[in-house]
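Enquirer: One structure, as structure tokens, below. Some questions next.
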Amino acid sequence: GRRRPQVTEERRGPEISHYFLRQQQIPSLARQSKMAPPRVSTAGATPSSKKGAPATTSAAGEDFPPLPHRVPSPIVSPALTTADTPLHPENADDLGGLVESSLRDIVSGLPTKQDLNAMATSIVNALTKELHDLKQQVDIVEERVTTIEASQSTTEARLTTLESEYGAFRRHLVDVQLRLDDGENRNRRNNLRLRGIPEATMGPDLRSTVVAILNQVLGKPPTADLELDRVHRIPGPRPPPSAQRSSSELDSPRDVLCRI
């Protein structure tokens with residue numbers, strides 16, 4: 001069979017670089033290429049019986065399976081992706097320049113240290129402003145709460161004072177009410193209430209009528225003199241005239257009060 005030509009060191013470098021780049025871009029095809037079929041002895045086989053890519057033979061005479069078809073890499077020049085294109089040092093330089101240009105484009109898209117510092121400074125300033133505003137609001141709320149607490153304390157003190165004063169006023173009112181009742185009761189000791197005197201008896205006739213009734217009760221002559229301070233009927237509206245009153249109203253005239 002044909003022997004594989006020796007690859008010089010100058011040519012092997014670009015080929016290895018191209019191989020590793022192709023391995024990184026197309027890992028599935030690279031794994032398939034590593035799974036080579038078992039070795040088959042080619043003894044007695046004629047060159048016409050071999051189909052596809054020709055088999056390679058090592059320097060020791062061992063046969064190797066045919067090389068798989070190379071797939072073009074998306075990041076290298078088309079001139080370096082075909083099996084028929086020779087790999088020269090100038091192609092390796094082009095490939096290195098292309099990779100370097102791609103890396104520079106990627107790195108140029110990344111934020112720089114100044115950009116990161118500016119971003120961090122902007123975030124810190126925004127957070128500082130928010131915290132300052134929040135602190136002002138908290139201070140305002142704290143001041144209002146302090147004012148409310150002071151007002152509540154003042155209100156509680158005034159309420160305590162009012163409660164104590166209310167208790168004193170209540171005790172004083174009870175004492176005054178008792179004294180008033182006692183004075184009224186004492187003033188009423190010499191009072192007499194007479195019922196059944198006709199409502200038509202009024203003025204001087206009412207006084208002379210009361211004197212005659214009292215003298216009759218005391219067993220004195222009707223014209224005997226009695227010391228009466230006052231003689232009057234109880235307060236209240238006067239009943240209507242006799243023509244407009246019923247029999248029950250005629251039988252219940254207002255009482256007469258007299259003080260002896």
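Just so you know, glycine gets a Cβ as well, placed from its N, Cα and C.
TrEMBL annotations: computationally assigned, not manually curated.
Sharing the record's features from TrEMBL:
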COILED    117-151  coiled coil
COMPBIAS  1-15  compositional bias 'Basic and acidic residues'
COMPBIAS  22-31  compositional bias 'Polar residues'
COMPBIAS  43-59  compositional bias 'Polar residues'
REGION    1-88  region 'Disordered'
REGION    232-255  region 'Disordered'
Enquirer: Report, as numbers and ranges, every residue of the chain located at least six residues beyond the coiled coil (117-151) whose Cβ falls under 8 Å of a Cβ in that stretch; write 'none' if there are none.
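Expert: Here the qualifying positions are 111.
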Enquirer: Averaged over the whole of the coiled coil (117-151), what is the pLDDT?
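Expert: The average pLDDT of the model in the coiled coil (117-151) works out to 94.
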